[in-house]
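S.K.: Pasting in a structure now, in structure tokens, and then I'll have a few things to ask.
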Amino acid sequence: AKSGRASCKKCGDNIAKESLGLAIMVQSPMFDGKVPHWHHYSCFWKRARVLSQGDIYGYTELRWEDQEMIKKAIETGGAAAGAGGDSKGGKGEMTLNDFAAEYAKSNRSACKGCEQKIEKGQIRISKKSVDVERPQLGMIDRWYHPDCFVSSREELDFLPSYSASQLKGFTILSAEDKDSLKKKLPAVKNEGKRKADEVDGHSAATKKKIKKEKEKESKLEKLLKEQTELIWHIKDELKKVCSTNDLKELLIANKQQVPSGETNIVDRVSDGMAFGALLPCEECSGQFVFKGDAYYCTGDLSAWTKCVAKTQTPNRKDWVTPKEFHEIPYLKKFKFKRHDRAFPPCAAPTPISPPAAPEPKPTVEETFPEGKPLTNTKVLLIGKLSKNKDEVKTLIEGLGGKVAGSAHKANLCISTNKEVKKMSKKMEEVKAANVRVVSDDFLKEVESGKSVQELLSQFGISSWGAEIKQEAVQPTEKQPSSGPVAGKSSGKVKEEKGSNKSEKKMKLTVKGGAAIDPDSELEDSCHVLETGGKIFSATLGLVDITRGTNSYYKLQLIEHDRDSRYWVFRSWGRVGTVIGSKKLEEMSSKEDAIEHFLNLYQDKTGNAWHSPNFTKYPKKFYPLEIDYGQEEDVVKKLSVGAGTKSKLAKPVQELIKLIFDVESMKKAMVEFEIDLQKMPLGKLSKRQIQSAYSILSQVQQAVSESLSEARLLDLSNQFYTLIPHDFGMKKPPLLNNLEYIQAKVQMLDNLLDIEVAYSLLRGGADDGEKDPIDVKYEKIKTDIKVVAKDSEESRIICDYVKNTHADTHNAYDLEVLEIFKIDREGEYQRYKPFKQLHNRQLLWHGSRTTNFAGILSQGLRIAPPEAPVTGYMFGKGIYFADMVSKSANYCHAMPGSPIGLILLGEVALGNMHELKAASQITKLPKGKHSVKGLGRTAPDPSATVQLDGVDVPLGKGTSANISDTSLLYNEYIVYDIAQVNLKYLLKLKFNYKGGMMW
């Protein structure tokens, strides 16, 4: 302990200066970071669980005797013997403080293994661990049935040397229950003796090898002991004879950075005197610092990302002691002798991030193997399956998936028809969570290599089930289908949000040009100060994937509506959680308030408030361009009394309501992991979205060229800072594969369309004479008429829907609710030159309902130049299909929201460049007007009819006699927006059969 001021979090007494204290690092509720909870050495083991010395940050920098003491405690499972421990479980045994046995006090607890109730009075065994979503609670009991605990013994870290009699509370059990537990949880015989027996049975060569290994271990331990004693001898002498300023001068003389804190300064000087002065990092010229398992660079690769260089053999030069220090006898006598630093086996280098500070149980972020059929799929198992659950779990993990513990964490359930009919409580939870259920035959077929998406439909046994999305897209359907920029799916499994996620809905009160943060509690009587056209409000972001931080900082200067009173309000925390705090300061004058605001902004960003060009600095925040132009109440007008005065046909009114549905927009943004608290709907500027596109292009290039992970870190930090994401307590994922990049491109596509819809919703005030629906209808500048159900064109279009539903898309049937004839203002004039082109077809194009305000008002668009080309099978263009269900999949309907919209457009295809595999088209070959991706199945060409002089390929799907193509169905792509004339919009109902296929 550096001082005697810290108090133990277990017993409350002070921890004496220079005594050994151990801390558990927990998430601070006040800011986006962790804080140490210090404990006396003896108290620590009653609360924490340590598996190896490497789990304790700073272990190798302790005195040798302290290292040995900790090592022994870890070997005994952190057990406490005698004083400070629980009762002894048996002769010479120590009680394990993080494992306990008792009789259940009620029937409310559930087993963490099988998830069934533990009945009152039954024996239950607990393993103490930290709840990753509520780490501030410390170690909490996770209860198991005895048999479930036994089956999970290894993964629960109940070591072979442990026995049931060491469980806390074992002594109060009945004799019968003690005997039962002893049989179920026996200790493995003495490892040392067993190893000796094994050695005796080995050949002479093996014995010699084992002997050499032991000698090597012994030699390393001796070296580590000598090294530690040398370092501590230097430290002790320096503390006696040198002032802090002397030590700083020594560091400067050896061209080493001077850290803050006396202890850190002593550590740096002693390291240099023992091993040599460290040379700068070759990557960034930063300072290397010893941190337990290696030397880590503390410099920055860029303004966005810290350097990730680490090594156990850094370059050094001899340590020099300037002559002016020869007045100090110890330094005068000191003769530098170069040593190479030795590292213990438990301190092997770990990837990228520095070693974690001591935590009771390290939490590993869930990862999925790439390129496997069940990658990103979390599977819940219910009921008695054809194989035992351990075998099924192994099979699922082999296919790239993970077994989930509960319905709300799963996106697929494997069970039986019997369980579905029985509708147990667990199955009710599955239904409530809208998780699709399949039989275990599904796994056998997946293992054989068949298409996952088709099998999901084939083996579905529930009448419910939400869309299952995977990052890895199936090869035959990898290409974008029919979206304005090649389909607009999030392409990302929806992660479960932590319990720390903020659920409150913020009501933003806009006065003048900005919304007052409601956390200030001044919104009713105040406004944000605006002077010289500059609004004194800033929202800042900072993401550091290496550290796992995802922080925000909000700053406002607030002025009273009537009085001359001023406040500076600031709030900070972790995006998407309730972690954070705030501060409201009343200032004595306007001038003082402005000065304080400017100083805070400069401190957090490194930039002057009035600076025209912002420069990002390392470890500093970056401003988000957020436009609080209108109150949300203006947007809500559409739903209040809408339609009462409308002159539009009822079906058209319902269509306008559907495409301007604010709740659907919010749901889409949540699905994309967008943080609605820090980035309210429609508030992020178009320029910032375009900047994010540009970053994704750079990410794509970096991935394609296999550039360093440090470069990907840098770009990922930039992207997540520009577009605030809600990852809860999870670490922001690295943008390191093309599928995830494409998912983020599609997210930005949708954000742009939502931004268009929202700007139409809130743009311009009406006089109150017109119905809100009519006002929005006029803004999309599209003539929309209802097509009569008994008309010829309705019959043709309905046949087109019925006949071109693909066999593999059999999870749902499509029901045509309405057909609208549409005429976008100015589109026909733009299309007119292509009207004379041959080969004009009426083709399908599907998209989310939230995108249709943008599509109708601005037309189908091609991906912007800033967007990366990844994910577009045939380059950036507008994609169409001749099979309705291929495009319908891109409507992103689901059982809980079964209504979708799909377009029929007249497309001037002309001479088609026919392809069977992906090709990044940037310029069509001479004489070609479009691209056709050849599919294995296509509408029967003999059944094609004409509608207003345009071919309608409404024949039933039949084999195209093309076997060497990577596409299941045809794709049509044009690269000039003028080649498209939108003709019809269909409102469809997706009638799901037994689940959903994507």
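Each Cβ is built from the backbone N, Cα and C atoms, and glycine gets one as well.
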S.K.: Swiss-Prot lists motif 'Nuclear localization signal' for one of the ranges 9-14, 177-182, 207-212, 615-620; which is that range?
M.R.: 207-212
S.K.: Pick from 348-370, 762-784: which range does Swiss-Prot record as region 'Disordered'?
M.R.: 348-370
S.K.: Among Cys242, Cys307, find me the residue Swiss-Prot lists at the same Zn(2+) 3 site as Cys281, Cys284, Cys297.
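M.R.: According to Swiss-Prot, the candidate sharing the Zn(2+) 3 site with Cys281, Cys284, Cys297 is Cys307.
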S.K.: Of the residue ranges 185-211, 914-940, which one carries the region 'Disordered' annotation in Swiss-Prot?
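M.R.: Here Swiss-Prot associates region 'Disordered' with the stretch 185-211.
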S.K.: Counting by DSSP secondary structure, give me helix, strand and coil numbers for the domain 'PADR1 zinc-binding' (211-345).
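M.R.: The breakdown for the domain 'PADR1 zinc-binding' (211-345) reads 66 helix, 14 strand, 55 coil.
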S.K.: Going by DSSP, is Cys8 (Zn(2+) 1 binding site) sitting in a helix, a strand, or coil?
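M.R.: Reduced to three states, the DSSP call for Cys8 (Zn(2+) 1 binding site) is coil.
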S.K.: For the Zn(2+) 1 site given as Cys8, Cys11, His40, Cys43, which other residues of the same chain have their Cβ within 8 Å of the site's Cβ centre?
M.R.: Lys9, Lys10, Gly12, Asp13, Ile15, His39, Ser42, Phe44
S.K.: Can you tell which of the binding-site residues Cys43, Cys114, Cys148 lies nearest to Ser847 (NAD(+) binding site) in space, using Cα positions?
M.R.: Cys114
S.K.: With an 8 Å cut-off on Cβ distance to the Cys281, Cys284, Cys297, Cys307 Cβ center, who else from the chain surrounds the Zn(2+) 3 site?
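M.R.: Everything else in range on the chain: Pro280, Glu282, Glu283, Ser285, Gly286, Phe288, Thr298, Gly299, Asp300, Leu301, Lys306, Val308, Ala309.
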S.K.: Within the same chain, and leaving aside Cys111, Cys114, His145, Cys148, name every residue whose CB is within 8 angstroms of the centroid of the CB atoms belonging to the recorded Zn(2+) 2 site, in sequence order.
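M.R.: Near the Zn(2+) 2 site, the remaining chain residues are Lys112, Gly113, Glu115, Gln116, Ile118, Tyr144, Asp147, Phe149.
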S.K.: Helix, strand or coil by DSSP: which one applies to Gly846 (NAD(+) binding site)?
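M.R.: Once the DSSP labels are grouped into three classes, Gly846 (NAD(+) binding site) ends up as strand.
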S.K.: What is the three-state DSSP composition of the zinc finger (99-189), stated as helix, strand and coil residue counts?
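M.R.: Counts, helix then strand then coil: 25 helix, 23 strand, 43 coil.
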S.K.: What's the CA-CA gap between Ser887 (NAD(+) binding site) and Cys43 (Zn(2+) 1 binding site) in angstrom, rounded?
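M.R.: Checking the Cα atoms of Ser887 (NAD(+) binding site) and Cys43 (Zn(2+) 1 binding site) gives a distance of 63 Å.
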S.K.: Near Cys114 (Zn(2+) 2 binding site), which residues of its chain come within a Cβ-Cβ distance under 8 Å, counting only those 6 or more away in sequence?
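M.R.: Counting only residues 6 or more apart in sequence, the Cβ neighbours of Cys114 (Zn(2+) 2 binding site) under 8 Å are His145, Cys148.
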S.K.: For His40 (Zn(2+) 1 binding site), what is the secondary structure state per DSSP, taken as helix, strand or coil?
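M.R.: Where His40 (Zn(2+) 1 binding site) sits, the three-state DSSP reduction gives strand.
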